[in-house]
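Written below as structure tokens is the structure these notes are about.
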Amino acid sequence: MNSENLTLSEKIVSPSYIRQGSQARRTHEQLIRHLLEQGKCPEEGWSESTIELFLNELAVMDSNNFLGNCGVGEREGRVASSLVARRHYRLIHGIGRSGDIAAIQPKAAGSSLLNKLTNSVVLDILRLAGVRSVASCFVVPMATGMSLTLCFLTLRHRRPKARYIIWPRIDQKSCFKSMITAGFEPVVVENVLEGDELRTDMEAVERKIEELGAENILCVHSTTSCFAPRVPDRLEELAAVCAKHNIPHIVNNAYGVQSSKCMHLIQQGARVGRIDAFVQSLDKNFMVPVGGAIIAGFDESFIQEISKMYPGRASASPSLDVLITLLTLGANGYKKYLSERKEIYSFLAQELKSLASAHGERLLHTPHNPISLAMSLDGLQAESDKAVTQLGSMLFTRQVSGARVIPLGKEQTISGHTFRGFMSHSESYPCPYLNAASAVGITREDVTLCMKRLDKCLKALKKEGNAVKNGSPSNQEVATGE
């Protein structure tokens, strides 16, 4: 209510009660005012009532919610289902305009404000997470792979003669297909084995640049967050090489926002060399539904260039989801999640190491990977060729999600390129292994239950292996995991 309506209300209800209600409302409005003034994530999270008040205020600023609006265009924010309208808080127009995903919509001042505020709040969070010199970012309603494609397509206009993208190998289909979809030829650089870790082969990168010619290379496409035993690329060295040869550098930071180490690598890479853009997933870092990503960088003009490359308007759902989430958590709430994730990583490593030792296996030594861990499966491989893959099936049927079992020698062809040893990031990793990750939102209970079920599965497979050796296989024991 505005001041005039409050004054009128005092004629109906006791003025002291109205003043009390007005003061309560003013508390909500002060929080909204601070957000509009500062454009930063609030330190403390908001209540749901404050968030809903704010979203309703935004919604009434869009033309589809104007009282008496007469729409005669082809896109007027009409929604047939009231359930759908409520799901989106009646913010129906989406974000951007046909020529720029960041542009203001004349018919949707509320949705436009939502878009600008979300980008501003997310930028603040990226700085808080460790990339303090990031200049600009925007939320795009596509997952990481397609967002990387958008970056590559933008670079095409800057480097029209370029055909190749240098890519230190990571066995994840979407980042490989992002380059193919953009129309470029990935140049796969195999990783080098250092101890148990798979690391960037800088000498091979330099050789490829000399061989292909810097002017023919669109960019270097590097990776931070990844499955162990692969570890984040040597970002500082890659950034220095890119600066030396004047080659753009795009970083796949898919779930790296939650890791201070990954964010530090990006910050340092930009300080000592060249990083043009880095892309991260919304769902993996902020616990929202799949479908959005953040494209960020250190040159505001280049990030704006990427946003203008996006054809047409876009869904506001990812922006709305991440804004609601960050307003709910506040900066302190999000930092608490990051701190808890790091603590549980240590707990997971300890538990996995103990379990591995009990079964004659070992926790692979991958200190440069701050999120993912790997446990060897040499003993299972010795039992039988099928035992390793069987472990993956057993874990899945026992509702252990996210654990990856990597056998030896798997081949996979993607868009005409054959990867040997696929899923292991290497043509010939020395042993099969199991992955587990400590990602944001994980709990100690998740780890404890996973270890309990993994232990039962390993015991069942060992029992089955012994039975086979003795000539009396027990399929029932394997099926039940007992």
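The count begins at 1 with the first shown residue.
In case you wondered, yes, glycine gets a Cβ from its N, Cα and C as well.
These numbers come from a predicted model, not from an experiment.
Residues annotated as pyridoxal 5'-phosphate binding site in TrEMBL: Arg75. Annotation for Arg75 (pyridoxal 5'-phosphate binding site): spatial neighbours His93, criterion Cβ-Cβ under 8 Å with sequence separation of six or more.
Within the same chain, residues at least six positions away from Arg97 (substrate binding site) with a Cβ under 8 Å of its Cβ are Ala103, Ile104, Gln105, Arg313. The substrate binding site annotation in TrEMBL covers Arg97, Ser98, Gln105, Arg313.
Here TrEMBL flags Arg271, Arg398, Lys463 as tRNA binding site.
Taken from TrEMBL, the feature N6-(pyridoxal phosphate)lysine applies to Lys284.
Between the alpha carbons (Cα) of Lys463 (tRNA binding site) and Lys284 (N6-(pyridoxal phosphate)lysine) lies a span of roughly 37 Å.
A separation of roughly 26 Å, to the nearest angstrom, links the Cα atoms of Arg271 (tRNA binding site) and Lys284 (N6-(pyridoxal phosphate)lysine). Within 10 Å of the C-beta of Arg313 (substrate binding site) there are 21 other C-beta atoms, taking all protein chains into account. Put simply, Lys284 (N6-(pyridoxal phosphate)lysine) is 29 Å from Ser98 (substrate binding site) when counted between their Cα atoms.
Within 8 Å of the Cβ centroid of the substrate site, not counting the listed residues Arg97, Ser98, Gln105, Arg313, the chain contributes Gly94, Ile95, Gly96, Gly99, Asp100, Ala103, Gly312. Cβ-based crowding with a 10 Å cutoff singles out Gln105 as the top-ranked of the binding-site residues Ser98, Gln105.
Sequence-distant contacts of Lys284 (N6-(pyridoxal phosphate)lysine), defined by Cβ-Cβ distance under 8 angstroms and a gap of at least six in the same chain, are Ala254, Tyr255, Gln258, Ala439, Val440. Farthest C-alpha pair in the substrate-binding residues Arg97, Ser98, Gln105, Arg313: 10 Å apart.
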